[in-house]
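Here Swiss-Prot flags ASP485 as active site, nucleophile, drawing on similarity to another entry. Summarising the annotation, Swiss-Prot assigns active site, proton donor to ASP547. The N-linked glycosylation site annotation in Swiss-Prot covers ASN23, ASN166, ASN456, ASN657, ASN673, and the record cites sequence analysis as its basis.
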Amino acid sequence: MTNSKARYVLEPVQVTGTTFALNGTTLSYQFHVDEPSADLRSDHFGGSISGPIPVDPEPIVDGWTGMPDRVRREFPDQGRGDFRVPAFRIRQAEGHTVSAFRYREHEIVPGKEVSASGLPGVFGDAHDATTLIVRLVDPYSDLAAELKYTVFPKYDTVVRSASITNKSNSDVTIESLASLSVDFPFDELEMIGLRGDWAREAHRLRRKVDYGVQSFGSTTGFSSHLHNPFVALVHPSTTESQGEAWGFSLIYSGSFTINVEKSSQGLTRVSIGPSQLSWTLKPGETFDSPECVAVYSSTGIGGMSRSLHGLYRKHLMKSKFATEDRPVLLNSWEGLYFHIDQDRMYRLAQEAAALGVKLLVMDDGWFGDEHPRTSDDAGLGDWIPNPARFPDGLTPLVNRITALKVANSQRNMRFGIWVEPEMVNPRSTLYQQHPDWVLHAGNYPRTEQRNQLVLNMSLPEVQEFIISAMSEILNAADITYVKWDHNRGLAETPSPCANHAYMLGAYRVFDVLTTRFPNVIWEGCASGGGRFDPGILQYFPQVWTSDDSDAVERIFIQFGTSLAYPASAMGGHISSVPNHQTGRTTPLTFRAHVAMMCGSFGLELDPAHLTDSERRDIPGLIALAEKISPIVVKGDLWRLALPEDSNWPAALFLSENRTQGVLFFFQLAPMVNHSLPRVRLQGLEDGALYRVDGEGPYSGSMLMNLGLQYSFRGDYGSRLAFIERE
């Protein structure tokens, strides 16, 4: 949360006449109904204010007073004089895209339930949240709109969504519908996004908001590696710990668009929502947008991130594992790739158990009968164990593995598998039987990527097949972990609305399976972090953050990902060196410390290739990871120094009650003839006393204002310090 000591005293939702105020700990979000036009006008989104807000004086230019593109609007339309990016575009039966929604009524509802529309969303009871529903009508077209605002005061957060209902007698087409559109009166802002590609996701990009529209998003059918459905607005002077920051995060896993527009008048508009819609809305039907989370922070970018992290852990992620420690795992992929069978997997499990690993994950290569999955060009869709590799099926192997005792533990080994149910290889029995189940556009060639095609998740028969196939696997053996992959984008979509329909079908499958198997740890993956978004976190409590397991690259990726997402949702592994993606060699401890910054910690290697010293050191590193895991999973994060700005990136996790902490401090490259690097902590109490790895006690003021010095030697140094309040 933004300020752990602050207490909100205003009602979360206050209505005075037709002025609406949403209040948080340090947040005010206000808008009103313009009396002449019944249009919703934005007043303020920022720090707490009280009392009336003066109406903005309209600029006076001969003949142009009162033009719609010169005022701040809450639900801006298209075609009636506002030439900025609209919040929606509806093609009417007559062919035009003119709409005129006017305020009709409002309702205040305690709490917030997950949407019944099939989309993921936040939830909370009356103590956590209050929802304002504003209803609008277009008297010329018989269309109705609802804008929903849920305020979570503790997190200085407003969650917005929109819906359109067709009350006319003709079809209309929803060509776009933003989940949120907000106008700021400021003209000197900067925007921060997360850009990247495969194996280099979530790299920060901070740039000036200049005149015109700056737009980014995804057209791949999933949120993608290229851009994340998140953007922050900040003042040029805002830092990690000081200044105002606004964060916008879309609860959606499909194609999306974020527009940041600075108008000729110096107003700044942010709109965010799904893209590639073109959704036909028949009479009596309603179309719902995804939800967008809007966070305000008066304590810098770090405060914004902590609000998002807390909200997502408590009010978005439904899995019980969202706030529980995850077992240390070993994934077979980089150790064995496709070269797996029952003997190799049992040998891997034995060696993992001897190291103290609690969970063995069998990655790709275990399935396919007539088309064995011995490479990536066959087998997807045929979810039965390969009889040549697993002649007795999975159940006996799983029973043998789960009977293994883990060294230095009272627990037995657990077992997990990799799947990619949304895909199919042309070389598979499933495709031969159901070629019509894949996305395709008439007679056009079906584009393969990674030798695979995409199943049409909007089809009920496809959904039922996946639910049945996955349920059969999980019912047949004691499998307690599933890594769910998604390795390509959507192509040859059969209709303009197919991308959104695909996501609705996928969400239904996720919901059914995670509800049916609540004791399974579900991990999302899309060639790494290609679908790391709030929508997926509703169902899967963790995501494989990147296919790049190089520790140096992972520092940038994990620091970037933490801008919007909690460490509890990240997966990080110790892999072998030289690293398989970069060829870089880094020390074991450095690799381990980087991976420990994730809620799911593990190894991705073949233990048979470990050196004697690595074999001796890994059990202690596993024990350390398990010791700090409750703080990383449940605690709050302070990014003390960013890898983009410093040779010594650092981060601090503090427990919820602020009595324990873990400091991560890294050196990327040596610096000759230079004073020892110093790190100043944050989030402590000035007058409290703390011990650092047992030394001290030191005052919180000393640790925050002077800090600690550590010595490093050579490339890729790391320090992990345990902090405890007396």
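Each Cβ is built from the backbone N, Cα and C atoms, and glycine gets one as well.
Taking the features listed in Swiss-Prot, we show where each one sits on the structure.
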residue: ASN166; record: N-linked glycosylation site; contacts (Cβ under 8 Å, 6+ apart): ASP142, LEU143, VAL172, LEU281, LYS282, PRO283, GLY284, GLU285, THR286
residue: ASN456; record: N-linked glycosylation site; contacts (Cβ under 8 Å, 6+ apart): TRP437, VAL438, LEU439, VAL462, PRO494, ALA498, TYR502, GLY505
residue: ASP485; record: active site, nucleophile; contacts (Cβ under 8 Å, 6+ apart): ASP364, TRP418, VAL419, GLU420, CYS525, ALA526, SER527
residue: ASP547; record: active site, proton donor; contacts (Cβ under 8 Å, 6+ apart): TRP198, ALA199, SER527, GLY528, GLN581
residue: ASN657; record: N-linked glycosylation site; contacts (Cβ under 8 Å, 6+ apart): none
residue: ASN673; record: N-linked glycosylation site; contacts (Cβ under 8 Å, 6+ apart): none
In which DSSP state, out of helix, strand and coil, do we find ASN166 (N-linked glycosylation site)?
strand
Would you count the other CB atoms within 10 A of the CB of ASN23 (N-linked glycosylation site), including those on all shown protein chains?
24
